[in-house]
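What TrEMBL says about this one:
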- 15-119: domain 'Lactate/malate dehydrogenase N-terminal' (DOMAIN)
- Gly20, Ala21, Ser22, Gly23, Gly24, Ile25, Gly26, Asp46, Asn106, Met221: NAD(+) binding site (BINDING)
- 140-304: domain 'Lactate/malate dehydrogenase C-terminal' (DOMAIN)
- His170: active site, proton acceptor (ACT_SITE)
Amino acid sequence: HFSRLKRSQGQHNAKVAVLGASGGIGQPLSLLLKNSPLVSELSLYDIAHTPGVAADLSHIETRATVTGYMGADQLGAALKGCEVVVIPAGVPRKPGMTRDDLFNTNATIVATLADACVTRVYKVMKKHGVYNPNRVFGVTTLDIVRANAFVAELKGLDPARVNVPVVGGHAGKTIIPLISQCTPKVEFPTDQLSALTGRIQEAGTEVVKAKAGAGSATLSMAYAGARFTFSLLDAMNGKEGVVECAFVRSEETECKYFSTPLLLGKNGIEKNLGLGKISAFEEKLVAEAMDELKGSIKKGEDFVANMK
């Protein structure tokens, strides 16, 4: 259903970079970005195959110009002048693996790319205090996309009209769908609510198993990454009332980082809308997620502290 990705009207001039553009997520994500009137320039970066992906996409009859960059020495050039940088780079999960099993590999990849982004911004700003927590997002939109699809399926609703906030983190029980805040309002008996919550939490594994060693969620993740990017571009262009959940630096719970609904604006996060009113069932989910989330955050902070 394309309506969510099509709702962005009007033309704007945004230069967007995709780092990891040749991969299973990067290619379809780049395709969706190329298809949008919000994007005027698409800068594609990866360690292999990028010239081919760029050439292929450049033949599409939409306005975005596409350039491919390949290899570490071209990373700086790829980032030049970009307003939004989307990073789908990393290795996919295989059956039997948790997301945590990929941590060291993928953290190293993302850290290298983030470092280049900061260096690029720093060169432009020529001053310290480059890190702005209002402009860094862990994109958890796939959990929302899945929650919307599953709720719509169970209730016979149009998925494009369903909106379920999903808070917390992006792994197993840290994924907390706030079904009580769904619009339109939906009710489920306790056993069905538990099963639905479990399915949303384990949906990534469902795809990993179904792909039987050939990868993890790529197409749905590309859609989710594009959806978040378009919301961000809409907000940067002055559209009012754009809300998306994302994993960000946060004061909303006892975790330093936590995903909640965010009002997006010209400078990134305009306002963290917090958890809002949640049900007893959801309060329990939040409480149960805390230890695992704190552990993951500590692991990330230790990784950065020990980086050479």
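Every residue gets a Cβ built from N, Cα and C, even glycine.
A map of TrEMBL features onto the structure.
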residue : record                       : Cβ contacts under 8 Å, 6 or more apart
Gly20   : NAD(+) binding site          : Gly26, Tyr45, Asp46, Ile87, Pro88, Ala89, Gly90, Ile109, Leu113
Ser22   : NAD(+) binding site          : Leu44, Asp46, Ile47, Ala48, His49, Thr50, Gly52, Val53
Gly24   : NAD(+) binding site          : Pro92, Gly215, Ser216, Thr218
Asn106  : NAD(+) binding site          : Gly90, Val91
His170  : active site, proton acceptor : Arg99, Gly138, Thr140, Leu142, Asp143, Phe247, Ser259
Secondary structure content, the domain 'Lactate/malate dehydrogenase N-terminal' (15-119) (per DSSP, counts of residues): 46 helix, 22 strand, 37 coil
Site extent for NAD(+), whole Å (max Cα pair distance, Gly20, Ala21, Ser22, Gly23, Gly24, Ile25, Gly26, Asp46, Asn106, Met221): 18
PLDDT averaged over every residue in the domain 'Lactate/malate dehydrogenase N-terminal' (15-119): 96
